[in-house]
Amino acid sequence: MSAGSSCSQTPSRAIPTRRVALGDGVQLPPGDYSTTPGGTLFSTTPGGTRIIYDRKFLMECRNSPVAKTPPKDLPAIPGVTSPTSDEPPMQASQSQLPSSPEDKRAGGEESQFEMDI
(Lines of atoms letter the chains of each structure in order from A and count residues from 1; the text may use other names and numbers.)
(Lines give C-alpha, C1' and ligand atoms only; values in the text may rest on other atoms or scores of the structure.)
Protein backbone atom coordinates (compact mmCIF):
# COMPACT_ATOMS: atom_id res chain seq x y z
CA MET A 1 0.00 0.00 0.00
CA SER A 2 1.54 3.31 -0.98
CA ALA A 3 1.64 6.36 1.25
CA GLY A 4 0.07 8.54 -1.44
CA SER A 5 -3.18 6.58 -1.80
CA SER A 6 -6.37 8.11 -0.50
CA CYS A 7 -9.52 6.46 0.73
CA SER A 8 -12.61 7.06 -1.31
CA GLN A 9 -15.78 7.85 0.54
CA THR A 10 -19.21 6.82 -0.58
CA PRO A 11 -21.87 9.48 -0.48
CA SER A 12 -24.39 9.10 2.32
CA ARG A 13 -27.98 8.34 1.46
CA ALA A 14 -31.11 8.40 3.53
CA ILE A 15 -32.36 5.07 4.83
CA PRO A 16 -35.78 4.33 3.35
CA THR A 17 -38.44 4.17 6.02
CA ARG A 18 -42.14 3.54 6.16
CA ARG A 19 -44.32 4.75 9.01
CA VAL A 20 -47.38 2.88 10.17
CA ALA A 21 -49.76 4.86 12.34
CA LEU A 22 -51.12 2.93 15.30
CA GLY A 23 -54.11 4.51 16.96
CA ASP A 24 -53.85 2.46 20.12
CA GLY A 25 -51.30 0.21 21.80
CA VAL A 26 -53.85 -2.60 21.67
CA GLN A 27 -53.15 -2.98 17.95
CA LEU A 28 -49.59 -4.10 18.77
CA PRO A 29 -49.53 -7.04 21.21
CA PRO A 30 -46.50 -7.32 23.55
CA GLY A 31 -45.03 -10.19 21.52
CA ASP A 32 -44.89 -8.02 18.41
CA TYR A 33 -42.82 -5.12 19.75
CA SER A 34 -39.72 -6.18 17.80
CA THR A 35 -41.45 -7.08 14.53
CA THR A 36 -42.42 -5.12 11.48
CA PRO A 37 -45.63 -5.42 9.44
CA GLY A 38 -43.66 -7.24 6.71
CA GLY A 39 -42.61 -10.01 9.10
CA THR A 40 -39.02 -8.86 9.67
CA LEU A 41 -37.75 -9.35 13.22
CA PHE A 42 -35.13 -7.21 14.88
CA SER A 43 -33.32 -7.27 18.18
CA THR A 44 -30.52 -5.39 19.85
CA THR A 45 -27.38 -6.62 21.52
CA PRO A 46 -26.27 -5.33 24.94
CA GLY A 47 -23.82 -3.08 23.08
CA GLY A 48 -26.65 -1.46 21.13
CA THR A 49 -26.12 -3.15 17.76
CA ARG A 50 -29.39 -3.83 15.97
CA ILE A 51 -29.68 -7.27 14.36
CA ILE A 52 -32.30 -7.57 11.63
CA TYR A 53 -33.69 -10.98 10.66
CA ASP A 54 -35.51 -11.05 7.33
CA ARG A 55 -38.62 -13.25 7.14
CA LYS A 56 -37.25 -15.14 4.12
CA PHE A 57 -34.02 -15.95 5.98
CA LEU A 58 -35.93 -17.20 9.03
CA MET A 59 -38.17 -19.40 6.90
CA GLU A 60 -35.09 -20.92 5.25
CA CYS A 61 -33.54 -21.57 8.67
CA ARG A 62 -36.71 -23.36 9.78
CA ASN A 63 -36.33 -25.91 6.99
CA SER A 64 -32.56 -26.43 7.38
CA PRO A 65 -31.23 -29.83 8.50
CA VAL A 66 -29.55 -28.20 11.51
CA ALA A 67 -32.93 -27.05 12.83
CA LYS A 68 -34.27 -30.60 12.60
CA THR A 69 -31.30 -32.20 14.40
CA PRO A 70 -31.52 -32.48 18.19
CA PRO A 71 -28.65 -30.97 20.18
CA LYS A 72 -25.84 -33.15 21.55
CA ASP A 73 -26.05 -34.49 25.11
CA LEU A 74 -29.78 -33.79 25.38
CA PRO A 75 -31.18 -35.36 28.57
CA ALA A 76 -33.78 -38.10 28.13
CA ILE A 77 -37.09 -36.72 29.42
CA PRO A 78 -39.95 -39.15 28.65
CA GLY A 79 -42.66 -37.46 26.64
CA VAL A 80 -40.53 -34.38 25.96
CA THR A 81 -37.19 -35.34 24.43
CA SER A 82 -37.87 -39.06 24.06
CA PRO A 83 -41.02 -41.10 23.39
CA THR A 84 -43.10 -42.00 26.42
CA SER A 85 -42.42 -45.36 28.01
CA ASP A 86 -44.99 -48.16 27.82
CA GLU A 87 -45.03 -48.56 31.61
CA PRO A 88 -48.19 -47.33 33.34
CA PRO A 89 -47.52 -44.50 35.81
CA MET A 90 -47.31 -45.45 39.47
CA GLN A 91 -50.60 -44.95 41.28
CA ALA A 92 -50.28 -43.38 44.72
CA SER A 93 -52.79 -44.40 47.35
CA GLN A 94 -55.11 -41.82 48.88
CA SER A 95 -53.36 -42.12 52.25
CA GLN A 96 -50.08 -40.93 50.73
CA LEU A 97 -51.51 -37.79 49.15
CA PRO A 98 -52.38 -34.88 51.43
CA SER A 99 -55.75 -33.49 50.53
CA SER A 100 -57.45 -30.40 51.80
CA PRO A 101 -60.70 -28.69 50.82
CA GLU A 102 -58.66 -25.73 49.52
CA ASP A 103 -56.97 -27.94 46.91
CA LYS A 104 -60.27 -29.08 45.41
CA ARG A 105 -61.96 -26.24 43.57
CA ALA A 106 -65.37 -26.33 41.90
CA GLY A 107 -65.34 -26.56 38.12
CA GLY A 108 -61.91 -28.20 37.90
CA GLU A 109 -59.95 -25.12 38.94
CA GLU A 110 -56.89 -25.82 41.03
CA SER A 111 -54.73 -23.27 42.75
CA GLN A 112 -51.28 -22.80 41.27
CA PHE A 113 -49.60 -22.40 44.63
CA GLU A 114 -50.44 -21.97 48.29
CA MET A 115 -49.82 -18.73 50.11
CA ASP A 116 -49.87 -18.13 53.85
CA ILE A 117 -51.18 -14.69 54.72
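Note: Cβ is positioned from N, Cα and C throughout, glycine not excepted.
It should be emphasised that the depicted structure is a prediction, and the values quoted were computed from it without experimental measurement.
Copied from Swiss-Prot, the annotated features are:
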type	residues	note
COMPBIAS	1-12	compositional bias 'Polar residues'
COMPBIAS	33-47	compositional bias 'Polar residues'
COMPBIAS	81-99	compositional bias 'Polar residues'
CROSSLNK	K56	ubiquitin cross-link
MOD_RES	S2	N-acetylserine
MOD_RES	T36	phosphothreonine
MOD_RES	T40	phosphothreonine
MOD_RES	S43	phosphoserine
MOD_RES	T45	phosphothreonine
MOD_RES	T49	phosphothreonine
MOD_RES	Y53	phosphotyrosine
MOD_RES	S64	phosphoserine
MOD_RES	T69	phosphothreonine
MOD_RES	S82	phosphoserine
MOD_RES	S95	phosphoserine
MOD_RES	S99	phosphoserine
MOD_RES	S100	phosphoserine
MOD_RES	S111	phosphoserine
MOTIF	53-59	motif 'YXXXXLphi motif'
MOTIF	113-117	motif 'TOS motif'
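Feature annotations (Swiss-Prot) mapped to structure.
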residue : record               : Cβ within 10 Å
T40     : phosphothreonine     : 15
S43     : phosphoserine        : 10
T45     : phosphothreonine     : 8
T49     : phosphothreonine     : 8
Y53     : phosphotyrosine      : 15
K56     : ubiquitin cross-link : 10
S64     : phosphoserine        : 9
T69     : phosphothreonine     : 8
S82     : phosphoserine        : 12
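Counting only the Cα atoms, the space from T49 (phosphothreonine) to S43 (phosphoserine) is about 8 angstrom.
A Cα-Cα distance of 25 Å separates T45 (phosphothreonine) from S64 (phosphoserine). In space, Y53 is the closest of the modified residues T40, S43, Y53 to T69 (phosphothreonine), judged by Cα positions. Relative to Y53 (phosphotyrosine), the modified residues with Cα atoms inside 10 Å are T40, S43, the candidates having been T40, S43, S64, S82. In terms of Cα distance, none of the modified residues chosen from S43, S64, S82 sits within 10 Å of the residue listed as 'ubiquitin cross-link'. Taking the motif 'YXXXXLphi motif' (53-59) as a whole, pLDDT averages 79 in the prediction.
DSSP assigns K56 (ubiquitin cross-link) to a helix in the three-state reduction.
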